[in-house]
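These come from TrEMBL:
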type	residues	note
TRANSMEM	7-26	transmembrane segment
TRANSMEM	289-311	transmembrane segment
TRANSMEM	354-378	transmembrane segment
TRANSMEM	390-410	transmembrane segment
TRANSMEM	431-451	transmembrane segment
TRANSMEM	463-487	transmembrane segment
TRANSMEM	513-539	transmembrane segment
TRANSMEM	545-568	transmembrane segment
TRANSMEM	580-600	transmembrane segment
TRANSMEM	620-650	transmembrane segment
Amino acid sequence: MDLFRQFKIWVLFTCLVFQCGCGFYLPGSYPHKYDIGNTLSVKVNSLTSIDTEMPFSYYSLPFCKPPEGVKDSAENLGELLMGDRIENSPYRFKMYTNETQIFLCKSDPLSADDFKILKKRIDEMYQVNLILDNLPAIRYTKKEGFFLRWTGYPVGIKVQDMYYVFNHLKFTVLVHKYEETNMARVMGTGDAAEGIPTVDRTSNVPGYMVVGFEVVPCSVSHNFDSVKNLKIYDKYPSAINCDPTTVEMAVKEGQPMVFTYDVSFVESDIKWPSRWDAYLKMEGAKVHWFSILNSLMVITFLAGIVLVIFLRTVRRDLTRYEEIDKEAQAQMNEELSGWKLVVADVFRAPDNPALLCIMVGDGVQILGMAVVTILFAALGFMSPASRGTLITGMLFFYMVLGIAAGYVAVRLWRTIGCGDSKGWVSVSWRVACFFPGIAFLILTTLNFLLWGSHSTGAIPFSLFVILLLLWFCISVPLTLVGGYLGAKAPHIEYPVRTNQIPREIPAQKYPSWLLVLGAGTLPFGTLFIELFFIMSSIWMGRVYYVFGFLFIVLILLVVVCAEVSLVLTYMHLCVEDWKWWWKSFFASGSVAIYIFLYSINYLVFDLKSLSGPVSATLYIGYSLFMVFAIMLATGTVGFLSSFWFVHYLFSSVKLD
């Protein structure tokens with residue numbers, strides 16, 4: 001009965017994970033009810049381009065500014081790290097009130113610098129990103145009978161050596177009637193029930209929710225004389241023909257620009273929980289599903305074969321070794337070779353033991369952060385609707401897991417030192433500073449490049465100070481606490497003694513590093529398809545949301561890394577190579593090399609339009625940072641699994 005109950009629980013959990021893989025998410029906020037005539041304020045985000053990967057402030061170009069002045073919107077740490085700069089805009093709507101030919105502003109005559117930078121942004125295909133009620137503006141274009149979906153709209157376009165700016169925007173706001181439901185219980189967001197807006201049943205005035213935000217950009221030529229006396233939000237005196245297939249407003253030095261807009265409201269059947277579906281539809285979804293499923297099946301099948309062969313081989317060796325008597329065992333030790341002959345050297349301390357402990361500790365911290373973050377994202381707590389929460393969550397979990405990093409590193413250090421606790425403070429301190437220090441060095445170097453380009457992707461100095469405070473005031477102390485717990489915990493006893501004189505390793509037929517490097521191909525095979533979608537999300541501006549699949553791939557990656565490292569460790573022991581410590585780490589950690597090569601391939605063949613040495617340097621720098629973190633995480637999995645295997649293997653053999 002208990003077995004049947006466990007099976008039902010497992011089936012339920014599996015269905016939940018696959019539902020997460022389909023894009024299930026919990027919206028990060030409750031729906032906002034707007035009465036007819038209520039003001040809707042549009043916000044602007046940074047200008048972005050897949051050609052440069054460097055975001056810039058919306059107001060770095062000569063666009064209209066709000067009458068009350070530019071103000072930063074509420075931002076979290078993740079938004080700032082991602083380069084988002086959300087600010088208010090002059091675009092104002094009234095709920096369910098259609099308006100046409102609304103005059104926004106007339107810019108000052110373009111100076112030489114403004115004209116130059118505007119042309120540059122058009123050449124680099126920068127996109128304007130608008131936000132209404134937390135929904136990004138979406139644009140539809142038709143090509144060869146198919147509708148293409150884009151987020152944002154281009155600053156302008158170049159036609160026959162002339163530059164045109166999109167100065168008239170035609171907005172369509174999709175709304176849905178507010179429905180009285182207990183949103184807090186249905187969605188499970190954790191918001192207090194009293195914080196949920198409710199409909200006054202005594203009122204006949206309907207309320208509406210925003211469920212869609214579309215924009216059509218046009219380039220329209222305006223009469224400068226007719227707008228001399230107009231104020232913001234006045235009606236433009238003549239009709240405006242918004243035709244997205246033609247361009248009229250040419251950009252010229254010394255000439256001003258006039259900006260106008262239209263807005264219309266359309267009642268839609270889309271309900272509030274489904275309003276993000278238009279953004280989460282990924283092109284080639286069927287290919288994505290089939291490729292991921294195919295990859296999982298193939299890798300699981302191969303890993304199963306490796307595991308079965310491996311267990312049978314080890315079991316046969318153990319059986320043969322234990323069935324013979326002591327006299328025959330001594331004779332066999334003289335005649336046979338293999339892992340039995342390195343019994344007195346297999347636990348000999350490796351080269352640079354402190355560095356190994358530090359890297360394993362940091363790997364535990366990174367792997368734990370990845371597992372917890374992806375699990376929470378798969379359950380919907382870090383949906384795309386909650387901008388910046390993914391990065392914020394990663395930072396939080398990384399800092400908290402400093403306890404695990406310090407504990408594992410110091411306990412491993414004491415195990416290698418046969419119980420000696422001397423130097424645990426130094427090991428804990430270096431664990432807290434090793435990976436964050438390298439990350440800080442890489443990101444600071446890249447930040448100087450972004451600062452020099454005046455990009456909003458550059459981390460502000462104040463944020464640098466906050467990150468340093470989080471590092472030294474939270475992460476370092478937690479790591480020291482973990483180190484203290486590791487120093488107090490009993491070290492792992494070796495099952496065999498180690499001789500004072502190391503055994504000579506026989507000459508090998510093939511270099512061991514070749515096997516170590518080749519071992520990374522199998523773990524790489526588990527994630528290279530998912531890696532394409534992740535890279536497209538980061539560098540092509542696409543929304544990534546299938547965290548359920550990513551969680552499954554991560555678990556499978558951990559299993560394959562462990563198995564690959566076990567097999568290679570066993571192979572090295574069989575040829576009397578007892579220096580398995582570092583080799584087990586890099587056997588699975590070598591997957592990082594293939595990920596970096598894939599990143600270079602993606603840069604050459606998929607990011608062909610990436611322009612400028614600064615953009616390429618940013619791409620390579622961020623790729624190195626990602627690859628280094630993956631190497632520590634996967635290497636840690638391989639080492640810990642190999643350590644457990646070697647300890648289990650030699651503790652299972654009867655020795656004098």
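Heads up, the Cβ atoms here are built off N, Cα and C, so glycines get one too.
Counting same-chain residues at least six beyond the ends of the transmembrane segment (390-410), those with a Cβ under 8 angstroms from any Cβ of the stretch are 76-78, 81-82, 357-358, 360-362, 364-366, 368-369, 372-373, 376-377, 381-382, 424, 427-428, 431-432, 470, 474-476, 478-487, 489. Taking every listed stretch (354-378, 463-487, 513-539, 545-568, 620-650) in turn, the largest tally of C-beta pairs under 8 A with the transmembrane segment (431-451) is reached by 620-650. Same-chain residues lying 6 or more positions outside the transmembrane segment (513-539) and placing a CB less than 8 Å from one of its CB atoms are 50, 53, 282, 288, 291-292, 295-296, 298-299, 302-303, 546, 549-550, 553, 556-557, 560-561, 564-565, 568, 571, 583, 586-595, 598-599, 602, 606-607, 619, 634.
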